[in-house]
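Asker: First, the structure itself, so that you have it in front of you.
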Amino acid sequence: MAKAKFERNKPHVNVGTIGHVDHGKTTLTAAISHVLAKTYGGEAKDFSQIDNAPEERERGITINTSHIEYDTPTRHYAHVDCPGHADYVKNMITGAAQMDGAILVVASTDGPMPQTREHILLSRQVGVPFIIVFMNKCDMVDDAELLELVEMEVRELLSEYDFPGDDLPVIQGSALKALEGEPEWEAKIIELAEALDSYIPEPERDIDKPFLMPIEDVFSISGRGTVVTGRVERGIVRVGDEVEIVGIRATTKTTCTGVEMFRKLLDEGRAGENCGILLRGTKRDDVERGQVLSKPGSINPHTTFESEVYVLSKEEGGRHTPFFKGYRPQFYFRTTDVTGTIELPEGVEMVMPGDNIKMKVTLICPIAMDEGLRFAIREGGRTVGAGVVAKIFA
């Protein structure tokens with residue numbers, strides 16, 4: 001069969017493997033790569049290439065991650081796999097590899113284990129929207145009833161964390177046997193790929209979302225008015241659009257009267273572009289770095305939220321000592337630091353460097369935020385933690 005030529009016009013979807021240590025995440029990643037390359041064309045990556053994950057730095061945090069790509073007839077996938085549990089925690093909290101969906105790998109010889117639960121909880125906290133289950137090592141279990149029990153257990157665990165445990169796809173397979181080329185197990189990998197295609201919806205592109213631009217700088221241009229600059233995070237702003245200035249102070253409305261990029265006047269600014277936006281009737285002192293410019297009504301300012309936080313270890317340049325309740329660091333959102341206080345979960349007295357923890361944060365002034373927004377925790381300009389907004393209270 002002729003190999004289909006790779007085209008960039010297919011929808012791009014980000015996925016990853018999650019699950020307990022030694023349940024076969026990396027073997028499955030290699031099996032998907034091999035079976036799909038063999039079936040639909042593309043380059044296969046083997047286990048050792050994936051397992052030997054390169055180090056990356058995201059917000060000063062060292063993370064080992066492997067990125068591979070593969071294709072199905074209708075989509076292009078970018079897939080992330082991490083060697084160690086700590087790498088998953090860091091990856092999910094910093095958003096270094098944001099996932100449109102995850103493949104939860106559970107060894108049917110073991111059933112759900114502690115990290116299975118922790119990865120499901122993390123997925124819920126950081127906003128991974130869809131999970132598909134791959135029950136691995138099914139070639140080692142002869143008892144069909146046992147497989148059924150494990151499947152029920154996994155589904156119940158997912159339901160416990162508000163995923164649709166009863167309805168999501170569960171595929172029973174063997175990554176190793178598929179990698180070794182046994183047809184009945186290769187077919188299970190194709191079944192998994194088909195589940196990815198049908199169960200994970202096509203992600204909305206940044207450009208189709210409501211306009212938002214974090215304000216980095218403010219200038220006043222004589223005879224023209226006030227210009228704010230920044231990189232458009234999502235959406236499109238057009239000349240004549242009404243926009244809101246949100247965060248830190250009371251929300252105000254104004255109109256975009258011009259868009260500039262590299263000293264050229266444009267009709268619009270789009271997601272990913274650095275531009276200057278001229279605001280009608282806005283004074284230089286009405287707006288500051290740390291606020292955002294957004295489509296009216298699309299985002300609100302908040303001060304209190306629950307977050308999932310990773311605290312940098314000493315080796316990563318973080319704190320050398322634990323912190324306790326009453327800790328008041330700065331929380332860095334998009335372009336600015338805001339002081340806040342923390343509340344630790346019941347029964348937790350202190351947090352050690354290298355831990356990940358759920359904490360409630362109250363900021364001294366409101367910031368434009370949605371669930372899923374990433375932030376850094378800093379002390380005097382030094383990053384000591386990374387977090388994600390899990391749930392907004394006020």
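The backbone N, Cα and C atoms fix where each Cβ goes, and this holds for glycine too.
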Asker: Using Swiss-Prot as the reference, determine which range in 3-10, 19-26, 219-226, 283-290 is annotated region 'G1'.
Answerer: 19-26
Asker: Between 136-139, 208-211, 232-235, 344-347, I'd like to know which one Swiss-Prot lists as region 'G4'.
Answerer: 136-139
Asker: Just give the helix, strand and coil counts over the region 'G2' (60-64), going by DSSP.
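Answerer: Result for the region 'G2' (60-64), in helix, strand, coil order: 0 helix, 4 strand, 1 coil.
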Asker: Taking 10 A as the limit, how many CB atoms besides its own sit near the CB of C138 (GTP binding site)?
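Answerer: There are 23 of them.
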Asker: Residue counts in helix (H, G, I), strand (E, B) and coil for the region 'G3' (81-84), per DSSP?
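Answerer: Per-class counts: 0 helix, 1 strand, 3 coil.
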Asker: What does the structure give for the C-alpha distance between G19 (GTP binding site) and T26 (Mg(2+) binding site)? Integer Å is fine.
Answerer: 10
Asker: Per DSSP, what is the residue tally for the region 'G1' (19-26) in helix, strand and coil?
Answerer: 2 helix, 1 strand, 5 coil
Asker: Find, among the binding-site residues listed as K25, H85, the one whose Cβ has the highest number of other Cβ atoms within 10 Å in the structure shown.
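Answerer: Result for the most crowded candidate: K25.
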